[in-house]
Amino acid sequence: MNISIISIGKLKEKYLKQGIAEYLKRLSAYAKVEVIELPDEKAPENLSEAEMLIVKEKEGIRILDKISDDTHVIALAIEGKQKSSEEFAVSLDRLATYGKSKVAFVIGGSLGLSSEVMKRSNESLSFSKMTLPHQLMRLVLLEQVYRSFRINRGEPYHK
């Protein structure tokens, strides 16, 4: 399976970079995983609704440029479906079973994802009803993908 994590914004925190590097190393035994960092759109603090839409659309174009037609796209969004680790593992296993060898997880910028990215997505996933920093979500997502492979192979992993 080829997994892409497409994320808006540059990761700056060293501890997050280290955690991500560790999970990428662990995942290399199970799948080809790449993290694609795309620049965020510079925007002032107090944006109007129209300006927010423009920012999301510009970021959305960058995201969609990185997704091929045969890729199964999972958008990370607060309004997405919440799953347990076991349910997430089953859904990843099903994708592999049904020949979906390319999977892209999409993490938007601070304003979220554009409507075009959401339309292109095959499903939407939420890790919490809470708002979490998109940089942190990369690490949490990689950990859950790793956990899914361990679950699907019946390998031990701490709970």
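The backbone N, Cα and C atoms fix where each Cβ goes, and this holds for glycine too.
Copied from Swiss-Prot, the annotated features are:
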BINDING   LEU76, GLY108, PHE127, SER128, LYS129, MET130, THR131, LEU132  S-adenosyl-L-methionine binding site
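Residues near PHE127 (S-adenosyl-L-methionine binding site) in space but far in sequence (CB under 8 A, at least 6 apart, same chain), listed by position: LEU76, GLN82, MET137, VAL140, LEU141, GLN144. Taking every pair among LEU76, GLY108, PHE127, SER128, LYS129, MET130, THR131, LEU132, the residues recorded as binding S-adenosyl-L-methionine, the greatest CA to CA distance is 16 Å.
With the fewest other C-beta atoms within 10 Å around its C-beta, MET130 stands out among the binding-site residues LEU76, MET130, LEU132. DSSP classifies MET130 (S-adenosyl-L-methionine binding site) as coil under the three-state reduction. In the three-state DSSP reading, LEU76 (S-adenosyl-L-methionine binding site) counts as strand.
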